[in-house]
């Protein structure tokens, strides 16, 4: 593609443009946190390559006068086969980042999944969502009482779906991030100077209260440790490295709503998730931020759909940048494509308006793609074998299925 | 290949050189319209990669003293296994672009397929063709009477073959084009300045009547809406998003000549085309301008030839740049290779002479290639299994066949 | 590999270095003639990629104290599994280029194959070879008497092997060369100036007699048409486009020595060659100079060896640049690896000494490679299955075999 | 990954950073010796590509509170599934390089394998190792008495494991190195000047005794030939090109400890190694320094593990740069991943501290990777099929197994 310049949200045509803008708008350390992948970025790049390697065979001459992108998650309607994935530190990209993401999600009729590490409280987010799908993501902590307390607050706030993230017990080796800090929470001099070059961001994010705090964790911390540093330290102390299926059983006891396990990739783990009471799974390699050299959710998808689609809802994240990526995932049997960086680029590029721009882009692209594929609704898309498995690893997955 | 400069038509050795010249001769917005692919250009690039991945096994020691490139489409002779594909806005590249394309097609004895969006009228083109194969491409419009009127004019003008394009009901997301315009029909300032740098083009194309009008649509429009903008608006209003096989049945009723469906890629759609009365199909992904991430016609070809070659004529377009590309298509069973950008580059580079140059290049290359393959005529070429399916996706297609 | 400079023959470590030197030493048009491939260089590059895609599995702990590179062609001993392929216009690279190539071939105990288009006469080459293997390559001409006369001279000069080239009936579309000339034999101004920048070359090649003449053709031409232009015109007039297997039968009648057909790639053509009396074949795509998009000899080799190795000698050319390439060809069953550009780079870089340098490099590399593979002689190498067919197209060939 | 600068050991995050530092710290000729691969670096690059082509499927929700990287080699415990491979000339990178490598190995509880070409004596290394695993690598020399003498010294020094290198009988064609020297041991002027630009290195390595000598060879040489030049000449004279399995039988007679054969890649050679009394093998292509175009140990591993893992210990080297590479090797059945350049980069970058840094990096990365894979110990890792064989050549190997 020819090079082009994007300086304003109005000029952005696609997620990549939002990424360009985001890089401009926020300090390097904050952009890097969103962008970084583990070690050599092998997983990060592989996620995209798998999408690129899939080819679609369109159908023609079907009535496309109405294209319906609505679907259901757990028999509840959503307007698009999307959701906004749980990500931490969102308030570093834009003031009250989680609230902005939540409002955009509400506007587009898709679930907002709030992270344990949200910079807003569950209750504040719930207030913005006004009854729209609010899912809560829980990092399982050593102290069961804390987990229970967070689940209680989530249930009270109206969350019907709980997401347990399994692949972050041991934090990924993100060298890009490590180079930004001289020690935890302390930026290198170069990065500090870079912050100074972003006064608008500083005014939006830092003024007058300083670095955002973790909205859900304050009640567990003494007031003088509410800072990001304090919260991060608390979580790293509390993160349960012994996390196993027994802890899932406890969660299952403690949580009566829908339970979704996020971070699974192996078919045997899906089988275990079902056995331990999960209602859905999010296939994920954490956007390439954890295990470098991991398979991609997309290449695992066909074999997993083949075996488990009738028993649970199968979502996936990691690498969605185009509506056609979403179409490919659904054509291979996924129920929903969950968004991480795509909407965060929008948030960093333009706050709530940026998030809405991101969702509008993906929504438009998906609708166009469905129309060009000859699929007037999501059910058609999910029922259609229209993918040529040119990617060798996907072929492998299909053969195993 | 070593870099080289091409400034005059006489220096151009191949289609790529014509492309280089075209980029020089016409304003950026017009070149971009020809050049642009949907979104990330994945389909656009994939089309070429599939050609490049195919290897031929030549035969030796066959009498090549005479090489005969003639063939038949619907039992009517053509001099070369080519046709010029329907493209709109041709008059933006060179004054009376369609007439120039038509005259060159006549000179080389190949069909000219006129677009609904032609900047010349059917009758004007017919006058130039003087009985040479004239095919008319119809965008099926909401108002059946308009379609009927256009078919009637085509039949009256001597067209024996009608082409229905199926894959443009929803226009592709061509971001390159979108960046050239601030709103439909209104160029950005930078592009306007760029136009000013092409006075020869302006003199040829714009003077004295301004932007060319759509020659076939004037009768349906009030005089003050004859402009390109008016025509484009009319078509976008009239484009039938509900286009389906029932509309093909209507067309079949309304048209007694040969009926060709363009834009199919799925074997099941070929079967439906036959059922609904098509005489031929043009496998096409619209030159990568519509669905980004589509399979290429070439990779679908073997499986489709295997099943349907005895029941209809199978043509294809999307990506032909060399005579050897044509040879590969015919060796895999296609009856004809249809040209879009290849001849448009010629038109933009040098008017009718440029189109003839493009056709002469491809004709010479095809003849040389046939001679080197040991195929003295098109029948030999079509009957020969001389392709090594190294491209994985083609292999897939062959295995399915 | 790190960049490095090569200015003198003594600094050259490998064929690529000789290529760098050659580019420096001779005018651009002459280097380009050696270097050029057809059209997009697809075949040229593919030839190398196939070699690169083949991996060897070495054997260990075999006595490598003596490594014997000798082999037999038609039961006659050669010191290395090489030959110098027939190429025309050699005198343009270095004065008396064919004689220098011949002397180097004699020194290394390998056949020299003289081209019909040699710039020396058969008899002059024979005088230099002093009984070393002298093969003569014949372009089959329209006038059988001329072919017979050339064969008679070759036999009288002691040639026991005749090579018929089949793939040059229609000359490849080498655009690089076409750009060097304003019309046949007339360089562009830029190329003429470039010649002037190579006074040493001019002194060696052009002084005092001008452009070298075709040594074998003078007797068929009036004295005033002995020039390269005249010879090239004569050959292009005489080149038999009707060349077919009947002409091979005639040759077989006219030639009692060994008959080798060069330019075959299809297994069915090997079968025909045997039927028509060939004693050997040279699998070749003419070094990528003829059909662009051709399979490579290496990928055709396994299937052809499997079926025909017991019935004829199978040689190949096109792309040998390293001793390990030769080892790969022999490990897949070839009897000999024939050299074109590799020794011409040497000739252009340093005359006879340059050719010897090229042969010494390849000889040393082959010996090292054999030692590292655990093959003490050529028979071991040819009997060994040590190739992993990672190249998909080769895999195809192996599966067919 | 974004570019970044590494100037001090403390800034290095991974082996690639140590490589960057090493290039800075030692003269070009010495870095080049470590870095160089044979000929076109095809093997060198292929080794890395095979690692990159392997994808892992992580397991989730297993208790990762304790990750145990210990394993056993020949039933003796090691702390990590690593060893430091035998490399010569280590003293050229840092004074007493072997002693520093040995001390770091001891500190991390992994074997140090001392080369015949060590710049320290067996006894000096043993003194540093203080009972930690000390393996001795023997180049089999023509004079059996010398080999016996070296084995005797190794046994007396406490070595229980002997490693015989098989793939260096004929030295690889490392052109990078050849370009650094005008003749053996004599640097080019450019490289001499480059040495002068590294005064710290010169002070560390050369002062006051000059170029390090081969510590194990002095007793076989007259005092005036102790120099590197003298030792290299002695070894090149003594290197047994007739090395074969009979010599292994002799070694087996002469050595009562564990016997490991290094440099095997062909399954039939593993079978022979077992027959001739080997206890283990190191699959290796000598880090791409010997046969260019070799298969990689990793792609041979699955077929060899399948057949021989129950009969001997299977180690491998060549290309380990990340903890995840080690995890992949173990997941495919290797017992240990042996390190060559990885620890040498550390040595050149920062002496013993640099080696420890390298080992800490790999150790941390392996632990993180195991945790993310859900493998709490090495046994779990080795028993797990979690590799997607997307690399075609590996697929080949798996299919053969």
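Any Cβ shown, glycine's included, is placed from N, Cα and C.
Annotation source TrEMBL lists domain 'FMN hydroxy acid dehydrogenase' at D:7-391.
For the recorded site, residue D:286 (glyoxylate binding site), the DSSP three-state label reads helix. Cβ contacts within 10 Å of residue D:286 (glyoxylate binding site), excluding its own Cβ and spanning all protein chains shown: 23. Among the features that TrEMBL reports, glyoxylate binding site is placed at D:33, D:139, D:174, D:286, D:289.
In sequence order, D:115, D:116, D:117, D:118, D:119, D:214 make up the list of same-chain residues 6 or more apart from residue D:88 (FMN binding site) whose Cβ falls under 8 Å from its Cβ. Annotation source TrEMBL lists FMN binding site at D:86-88, D:115, D:137, D:165, D:262, D:284, D:317-321, D:340-341.
Look at TrEMBL and you will find D:286 tagged as active site, proton acceptor.
Predicted-model confidence for the domain 'FMN hydroxy acid dehydrogenase' (D:7-391) is 94, expressed as mean pLDDT.
Around residue D:319 (FMN binding site), the same-chain residues at least 6 positions away in sequence with a Cβ under 8 Å from its Cβ are D:47, D:48, D:50, D:51, D:287, D:288, D:296, D:297, D:298, D:325.
Closest in space to residue D:317 (FMN binding site), of the binding-site residues given as D:139, D:174, D:286, D:289, is D:286, taking the CA atom of each residue. The shortest Cα-Cα distance from residue D:137 (FMN binding site) to any of the binding-site residues (D:33, D:174, D:286, D:289) is found for D:286.
When Cα-Cα distances from residue D:33 (glyoxylate binding site) are compared across the binding-site residues D:86, D:262, D:321, D:341, the shortest belongs to D:341. In the structure as shown, the Cβ atom of residue D:317 (FMN binding site) sits within 10 Å of 27 other Cβ atoms.
Sequence-distant contacts of residue D:139 (glyoxylate binding site), defined as residues of its own chain at least six apart whose C-beta falls under 8 angstroms from its C-beta, comprise D:116, D:117, D:165, D:168, D:235, D:239. Of D:174, D:286, D:289, all annotated as binding-site residues, the residue with the shortest Cα distance to residue D:86 (FMN binding site) is D:286.
Distances between the Cα of residue D:174 (glyoxylate binding site) and those of the binding-site residues D:262, D:321, D:341 are shortest for D:341. The CA atom of residue D:286 (glyoxylate binding site) is located 9 Å away from the CA atom of residue D:262 (FMN binding site).
The record assigns D:33, D:139, D:174, D:286, D:289 to the glyoxylate site; their largest pairwise CA distance measures 19 Å. Taking the binding-site residues D:33, D:137 in turn, the residue surrounded by the fewest other Cβ atoms inside 10 Å of its Cβ turns out to be D:33.
Around the Cβ of residue D:341 (FMN binding site), the same chain contributes D:19, D:34, D:35, D:287, each under 8 angstroms and 6 or more positions distant in sequence.
Between the CA atoms of residue D:321 (FMN binding site) and residue D:289 (glyoxylate binding site) there is a gap of 16 Å, rounded to the nearest whole number. Sequence-distant contacts of residue D:289 (glyoxylate binding site), defined by Cβ-Cβ distance under 8 angstroms and a gap of at least six in the same chain, are D:36, D:37, D:38, D:44, D:172, D:174.
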